[in-house]
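Each remark here refers to the structure printed beneath this line.
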């Protein structure tokens, strides 16, 4: 039977509960345990799919097509276990399910209340389908005291009494601020946070204390005394230069040992952290550097590109180099020459996005990369803009554009239900590749034998990658574009959907309709990112 670890946060938001959960999951996994990580989000949205990147950051897409919180990306990257739609739930989803049942009459006329109906639904989600795991780590979004989080805290309070004694522990992540004028760390915010937690019936077993310096013994003693935890359960979570240093740092601080002790489990030797040691050695001692320009629409909110940043880092780890990122707002290139911004970079990456804003700037970035032989990686929207650039400037299709931006005579890119066959509007069925207006989750792609991308993947002819897009490149223009060197080297197995394009004769120019960053791991870098950074190294004359 699975044991449950609930991770809560206090004092301030953005302390890194997701990272702490992922690092602890990696430590338990390194000890031979099977772990599952889940996230409870208290917001009323059904999922983050329609939320602004500036509000929420990245939408992480799972193999089964769920649009989830970016913390699930941390879970996957640290444990290697693919997340599913069953690993993330929101208040909105809980209420939708309850109200659907109420309309059907499932509650037999009962008055629907937060307790017990909402809390029971949360508990059912938490304990569902966990028999195959030794530990289930459950992160509660937000901080203690947030009004929208109260049903979740009540549910995890109840669940300790529902399950056998000793099967549940609580870890509280908190902040120990340093006050320079006083010359000391302050424990009072943590004491008040724990007091708030205890007022709703939850006594933390372990305090995970974010700090920028070592915690003195006297402060540890004070936290243990006033927060009612053992002094050994006050764990120091020092700021780290790299997130991939966190598992080893938490182990050195004794977190995994303390978790096992809280469950009454005897520790059997040291966890196998060799792969983390290798990763951190490469991060700390790179053999060179490359600079990659990310030409995007949401560069003011770096979390909107969280998986992308990490995947570039993984490419650097694979090639033993440090990857520096130049953030460039794509709208800049609509009024200015891109050369001063891009001449010094070793690679250009144009990521996904929605809407017309900044699109022409991304097209200019693709043109610069093509003309100057700079490695170019276009992802989703970035591939579409590269195709439009080729159509306009190589194939002579001056009006080439995307129907996402309005009506156009030359729809190089269109909504996946808009394609014309002859003069007739073609409607796709839900059973086909183009069901609905959003293509979500893992789909296969057939690679052209002998293509660069096939070689990058290890000479395979079929791959599976995750998608999140409404618009697609129009295959009606395929032959005209290929005549000018833009090769369609990957298609859906039925040949309907373009998945990958590449230029023949260019050092490295690849566009993909999918999101490879979602499947990259520090210990298993995605081959496209490893190859892209390798090409950037060649461009910088490092190799």
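Here the Cβ of each residue, glycine as well, is placed from N, Cα and C on the backbone.
Features reported for this protein in Swiss-Prot:
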type	residues	note
REGION	1-265	region 'Amidoligase domain'
BINDING	13, 186, 187, 188, 189, 190, 191, 222	UTP binding site
BINDING	13, 146, 147, 148, 186, 187, 188, 189, 190, 191, 222	CTP binding site
BINDING	14, 15, 16, 17, 18, 19, 71, 238, 239, 240	ATP binding site
BINDING	54, 353, 381, 382, 383, 384, 404, 470	L-glutamine binding site
BINDING	71, 139	Mg(2+) binding site
ACT_SITE	380	active site, nucleophile
ACT_SITE	515	active site
ACT_SITE	517	active site
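Feature annotations (Swiss-Prot) mapped to structure.
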residue : record                   : Cβ contacts under 8 Å, 6 or more apart
16      : ATP binding site         : 173, 210
188     : UTP binding site         : none
191     : UTP binding site         : 223, 226, 227
353     : L-glutamine binding site : 296, 297, 298, 362, 380, 381
382     : L-glutamine binding site : 349, 350, 351, 352, 362, 366, 511
383     : L-glutamine binding site : 473, 500, 501, 511, 512, 513
384     : L-glutamine binding site : 378, 402, 412, 413, 471, 473, 511, 513
404     : L-glutamine binding site : 354, 355, 356, 413, 414, 415, 470, 471
515     : active site              : 61, 307, 352, 379, 380, 465, 466, 467, 468
Candidates 13, 14, 190: member of the binding-site residues with the richest Cβ shell (10 Å): 190
Candidates 14, 54, 71, 147 (binding-site residues) - the one closest to residue 190 (UTP binding site) by CA: 14
Fewest other C-beta atoms within 10 angstroms, as judged across 18, 189, which are the binding-site residues: 189
PLDDT averaged over every residue in the region 'Amidoligase domain' (1-265): 95
For residue 54 (L-glutamine binding site), the three-state class that DSSP assigns: helix
For residue 139 (Mg(2+) binding site), the one of 18, 54, 147 that lies nearest, given that the binding-site residues are compared by Cα: 18
Site diameter for UTP, Å, by largest Cα distance between 13, 186, 187, 188, 189, 190, 191, 222: 23
For residue 54 (L-glutamine binding site), nearby residues of its own chain (Cβ under 8 Å, 6 or more apart in sequence): 298, 300, 301, 304
Those binding-site residues listed as 186, 222, 470, and which of them has the most Cβ atoms within 10 Å of its own Cβ: 222
Where residue 139 (Mg(2+) binding site) falls in three-state DSSP terms: strand
Secondary structure at residue 404 (L-glutamine binding site), reduced by DSSP to three states: helix
Other CB atoms within 10 A, centred on residue 147 (CTP binding site): 8
Residue 18 (ATP binding site) and residue 189 (UTP binding site), distance between Cα atoms, whole Å: 21
For residue 147 (CTP binding site), the one of 18, 187, 517 that lies nearest, given that the recorded positions are compared by Cα: 18
Count of other CB atoms lying within 10 Å of the CB belonging to residue 239 (ATP binding site): 11
